[in-house]
């Protein structure tokens, strides 16, 4: 149903909404195997996303930094992959939590069904080979001036089609094999459980379910929703917008992030009335959509229609799908989610990001999704606050007499940085005799917060009785003033400052007329 809603409300021509590996993983954790909880989470996910769209809160996703997202996705891929090993090996009674999953898998390894293992390995290797053939650059080393023959064009189209549809082909072929054997009462493989056929009933989500002889409802039911009400909407939005932006950039069009919030929120809200769990953009299906040449969101109508036809006519045959083949398909898919290569990139660009990645990765693995994300975001914000408290500064000295210390600030000034700036100014001019005049260069200063520039700043400065404190529009004018005072025999000024204008904006006198107001300094050369 999300496909039909997105067709009318979405802004990406390539996005295809539906279940994804990450959403399935979170449903396994938060829904506790209860369909009623999964459907209720779909409803609340939609409502939260819709409200975020109304309040334009999409910027909150910016706090989930790239290392947090990468570490989370990589850990999720490993959890999902290990969760499918039991299907490849044909094991039963393996618990879901990651550590218990690993423990039970190795403890029961002797119970491996070798028919399942053989089928799973063949399926997995076939999927990797088909992907390699599809992604191979067949034009490498070929003279681009020589046109392709008809046979070559047909072969390439066939390779692309088979490689793109490799998951469906593997499931179809293995299902036929298992079905034929089943007809002859030969059952070597572990099969998928029977799926009830037909279209699901259309009705509002139920906020109760039966657990043994006890009915879980009311406050107890909503308690079971847990942190999923907050985590799932954010992850769904992050996944959807990241995919939409990636394909919009690739295909040279733009998306409206706020409209995407509305589209995804309404899609999940409507889907909950059809028995769905939360949906979001799927990278693999979106990639197929894009590569197929789809031009408008109308393509999702065909996707939704085919799924409805499958639920009506094909579901009785799902029970013949070998579990090992499904496990192989999922493992082959999530391999692409593993992003260990990002560690080396982050190490080269910004080493603290590696620490954020590692914290997120291990916390998601061993503590759970919500705790891993919170830990990663917390560490990333802590590093951001540290940089705020220790702003980047450069101290330069003039070669003229007297020697002047110029402290250049490369970012904003916020209250945590006050002690650091004081120490820098002291070291620049008062660390040793003879003391030097000091100039603060605010050319690149982007922001001054309330604790640094206040409405009564001039009054406070006067009350402090700071001797010879003046302000100049540019560094050069400040240097010239010091040199002039040197000629007059007065080099006692520790700092130079001009009176602040009434709107508190420190700016040079030769800036453009339409300057910004408030406490921002944009492209202004200013010296205190």
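Including glycine, each Cβ sits where the backbone N, Cα and C put it.
Just so you know, TrEMBL annotations are computer predictions that nobody has curated.
Taken from TrEMBL as is:
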{"type": "DOMAIN", "residues": "394-454", "note": "domain 'STAS'"}
{"type": "REGION", "residues": "508-528", "note": "region 'Disordered'"}
{"type": "TRANSMEM", "residues": "36-59", "note": "transmembrane segment"}
{"type": "TRANSMEM", "residues": "71-94", "note": "transmembrane segment"}
{"type": "TRANSMEM", "residues": "114-133", "note": "transmembrane segment"}
{"type": "TRANSMEM", "residues": "159-184", "note": "transmembrane segment"}
{"type": "TRANSMEM", "residues": "221-241", "note": "transmembrane segment"}
{"type": "TRANSMEM", "residues": "261-279", "note": "transmembrane segment"}
{"type": "TRANSMEM", "residues": "291-310", "note": "transmembrane segment"}
{"type": "TRANSMEM", "residues": "317-335", "note": "transmembrane segment"}
{"type": "TRANSMEM", "residues": "355-386", "note": "transmembrane segment"}
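In the predicted model, the domain 'STAS' (394-454) has a mean pLDDT of 72. The list of residues near the transmembrane segment (317-335) in space but at least 6 beyond its ends in sequence, with Cβ under 8 angstroms from a Cβ of it, reads 21, 77, 80-81, 84-88, 90, 116-117, 119-121, 123-124, 127-128, 131, 167, 170-171, 174-175, 178-179, 182, 189-195, 284. Same-chain neighbours of the transmembrane segment (355-386): 25-26, 29, 63-65, 67-68, 70-72, 74-76, 78-79, 98-99, 227, 230-231, 234-235, 342-343, 346, 416, counting only residues six or more beyond its ends whose CB sits under 8 Å from a CB of the stretch. Sequence-remote contacts of a segment are chain residues at least 6 beyond its ends whose Cβ falls under 8 Å from one of its Cβ atoms, and for the transmembrane segment (114-133) they are 87-90, 159, 162-163, 166-167, 169-170, 174, 188-190, 322-325, 327-329, 331-332.
Ranking 221-241, 261-279, 291-310 by CB pairs under 8 A with the transmembrane segment (36-59) puts 261-279 at the top.
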